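Okay, so here's the structure we're looking at.
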Amino acid sequence: MGEIIKPRRIFLWCMAAIYMAAFVSVYVQIPGLYGNDGLLPARWQLRYTGKPLLDQMLSSPTLLWLGPRLGLDTQTTMELLCLVGALLSLAAVLMEAFRDSLVFFCLWALYLSLYQVGQVFLYFQWDNLLLETGFLCILVAPLTLIRGSRAVREHDRVTFWLIRWLLFRLMFASGVVKLTSRCPTWWGLTAVTYHYETQCIPTPLAWFAHQLPVWWQKLSVVGTFVIEIPVPFLFFSPLRRLRLGAFYMQVLLQVLIIMSGNYNFFNLLTMVLCLSLLDDQHVNFWLRKTDESNNENRDSRWLSWLCYLLELLVWSLLICGTILCFDLQVDTTKKSISSRTAFTYHQFNSFLKSVTIPCVWIGVLSLTWEMVTSMFRCACVSGFWKRFGRMMQWTVFAAASAAMFAVSLVPFTYIEFDSNARLWPGVRQAYEAVDRYQLVNSYGLFRRMTGVGGRPEVVIEGSSDGVAWTEIEFMYKPGNLSASPPVLTPHQPRLDWQMWFAALGPHTQAPWFTSLMHRLLQGKRDVIELIQTDVSKYPFQQQPPAFLRAHRYRYWFTELKADGSYPQRWWRRVYDEEFYPVVHLGSSFLEGMLNQYGLKDKSSPRRISNTTLAQAVRWVRSQVRGVPAPALIWTLLACSATFCLLRGLHAKNNPTERSSSSAEKTSDHTDGADVCSSDHLEEKHETEEEDEEDGANTEDEAEKSEKNNIGEDEDEDEENDEKLDERFK
């Protein structure tokens with residue numbers, strides 16, 4: 001695999017942007033979800049027993065324990081953590097110096113602190129994925145703020161490999177669980193015919209995708225299985241074009257999901273993980289730049305043809321295997337392609353047992369190769385002390401990478417019980433020790449398809465007299481039959497998502513729903529803003545409803561009319577059953593449910609903090625109140641991207657920066673790829689770089705510069721690395 005300098009830097013930039021979106025998305029929902037008058041107040045999760053701070057941190061690793069020491073209540077502390085996380089990630093987006101290991105450690109610790117008290121509203125797989133990826137960023141990112149240099153390190157390929165392994169675990173497990181769940185829609189290849197209208201929050205394009213013919217929908221399921229199960233094995237292929245093919249197939253799947261559904265930052269984060277499959281040569285191809293860093297000799301003609309034949313063989317086997325496993329046949333009369341699952345559950349389970357352990361060994365061999373090549377690079381660095389320092393760095397990061405890989409085997413092998421049982425007990429103990437920190441997680445999305453008999457949806461109704469009832473419409477989830485589905489990515493309305501889960505069963509499976517009814521009867525503004533950011537659109541903004549109830553309906557997308565014209569409404573629905581009985585403040589049923597779930601706050605009201613820090617946090621809240629979260633997030637992302645683009649164009653058009661960037665490339669290549677060169681050649685490169693930067697140095701000045709720089713190799717490397725960072729900011 002070629003150099004990974006540019007993919008690694010793009011990856012860190014994208015991770016900073018995703019962190020920013022995640023923190024802002026959670027921030028705008030904190031008062032309604034976790035505030036003192038929210039649905040599940042976060043202070044209930046923290047019990048101040050007088051123990052030392054360290055003991056509290058070990059029992060529940062969250063920075064919220066620092067709140068009382070700062071003179072803040074739990075809600076204000078949560079908002080402060082979100083604001084700090086958003087500002088740090090924004091700084092990392094705008095300035096490469098902040099894409100540092102320490103900064104990413106802070107971002108990870110801040111999001112973990114929120115996760116620890118987030119309860120059901122933050123327990124999603126993408127939250128786990130963000131925490132795991134965020135922790136890996138600590139290993140991938142450079143130590144800029146301490147070391148003062150962003151030079152290419154020989155062990156970067158080892159740590160960046162962990163991102164590829166995470167991507168493999170995510171995609172392979174997501175494909176496998178669809179079949180191991182024995183869901184009839186996945187086995188019958190009909191899952192997508194229900195998916196578009198039954199997913200949590202569809203986009204407008206989902207309605208059009210739902211109108212596609214059934215044979216195309218079944219073919220989409222086949223494509224999903226192919227991309228998620230066999231294609232991930234190409235992530236570890238030694239042939240570069242196979243990895244690039246796997247990259248574009250994964251990105252295609254994620255883009256299609258983004259276009260048809262609102263899954264917050266999850267699909268964007270998955271696409272960012274795919275950057276681990278790229279190298280500098282392909283990024284230069286995107287940028288239409290000559291790959292000057294590739295000085296390797298051209299492969300011989302016969303070796304090139306051998307690679308082409310191997311790639312053709314792999315793609316041919318993939319296509320033939322797909323045709324055989326799903327019995328694909330072209331029907332010329334109907335102008336369609338028929339498909340069915342041509343293997344049994346027993347056969348697939350046998351296949352899974354036979355490949356799970358080999359998957360582990362593929363990972364072991366791939367990681368070992370990266371470690372050995374990186375160690376060789378370190379051993380070839382010129383200068384004893386410099387070589388010794390690089391070898392020490394390699395030892396630390398290689399050990400950390402091996403430990404992360406070993407611990408990840410526990411959740412990865414959950415997909416096959418026998419393989420999981422064969423793991424070394426020491427690995428299990430290590431996993432149990434770090435499980436609370438969400439360093440590694442198990443994944444498996446869309447295990448079963450819900451809503452086969454119609455999309456269940458809970459509709460809350462309020463009344464002032466118990467006779468005339470008015471529906472309470474949410475901003476994002478389906479309710480109004482004529483309302484167009486929204487586009488929210490990368491924001492996740494946490495309440496709307498949990499309303500979707502609540503509709504799948506009785507209200508007793510969602511205790512928080514009782515709290516929602518209680519807060520609406522009380523007229524709590526923070527909770528109302530979760531339903532409608534613009535409170536004027538809430539039907540009971542003047543006075544809270546005296547009575548509330550909830551019914552369950554079945555929703556379907558409307559169909560095209562017989563003449564091919566579009567209908568006036570997006571949805572149609574039928575009444576299903578009562579979901580929650582009529583309640584009012586003080587009703588015996590409501591009080592009984594609140595007591596049963598421990599949702600009544602028996603503690604005395606807490607005094608509002610008036611410290612300067614608390615007032616500053618409340619001022620920020622007053623400035624963003626009423627602003628839709630998607631608009632706020634996209635404004636920050638657009639402004640940040642525009643700033644980075646303009647700065648890049650300015651650097652490109654600046655002759656001085658452009659001339660120095662050429663010398664920086666040479667320095668970067670010397671540091672990362674030609675580490676086995678002699679001291680004489682290294683000094684010669686430095687002299688040539690200085691000549692190119694000055695543009696007018698004489699030969700005598702160059703010789704003098706060369707002499708002055710003897711013995712200052714490390715300082716020169718750091719200076720050149722800083723110049724390189726300015727080019728890629």
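Heads up, the Cβ atoms here are built off N, Cα and C, so glycines get one too.
Annotated in TrEMBL:
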type: TRANSMEM; residues: 12-30; note: transmembrane segment
type: TRANSMEM; residues: 76-95; note: transmembrane segment
type: TRANSMEM; residues: 102-123; note: transmembrane segment
type: DOMAIN; residues: 123-284; note: domain 'Lipase maturation factor 1/2 N-terminal'
type: TRANSMEM; residues: 129-146; note: transmembrane segment
type: TRANSMEM; residues: 219-239; note: transmembrane segment
type: TRANSMEM; residues: 251-278; note: transmembrane segment
type: TRANSMEM; residues: 302-326; note: transmembrane segment
type: TRANSMEM; residues: 394-415; note: transmembrane segment
type: DOMAIN; residues: 439-581; note: domain 'Lipase maturation factor 1/2 C-terminal'
type: COMPBIAS; residues: 654-664; note: compositional bias 'Polar residues'
type: COMPBIAS; residues: 665-687; note: compositional bias 'Basic and acidic residues'
type: COMPBIAS; residues: 688-703; note: compositional bias 'Acidic residues'
type: COMPBIAS; residues: 711-723; note: compositional bias 'Acidic residues'
Long-range Cβ neighbours of the transmembrane segment (302-326) (under 8 Å; 6 or more residues past either end): 189, 222, 225-226, 230-231, 234, 237, 239, 241-242, 245, 339-343
Folded-back contacts onto the transmembrane segment (129-146), same chain, C-beta under 8 angstroms, at least six residues removed: 8, 11-12, 15, 18-19, 22, 96-105, 107-108, 111-112, 115, 153, 156, 159-160, 162-163, 166, 170, 265-266, 269-270, 272-273, 397, 400-401, 404, 437-441, 443
For the transmembrane segment (102-123) against the transmembrane segment (219-239), do we get 3 or more Cβ-Cβ pairs below 8 Å once near-sequence pairs (under 6 apart) are dropped? no
The DSSP breakdown of the domain 'Lipase maturation factor 1/2 C-terminal' (439-581) into helix, strand and coil residues is 34 helix, 34 strand, 75 coil
Mind checking which residues of the chain, 6+ beyond the ends of the transmembrane segment (76-95), have their Cβ under 8 Å from one of its Cβ atoms? 12-13, 16-17, 19-20, 23-24, 26-27, 30, 34, 42, 63-64, 66-67, 70, 103-104, 106-107, 110-111, 113-114, 117, 609, 613-614, 617-618, 620-621, 636, 640, 643-644, 729
Mean pLDDT across the domain 'Lipase maturation factor 1/2 N-terminal' (123-284), rounded to an integer, is what? 93
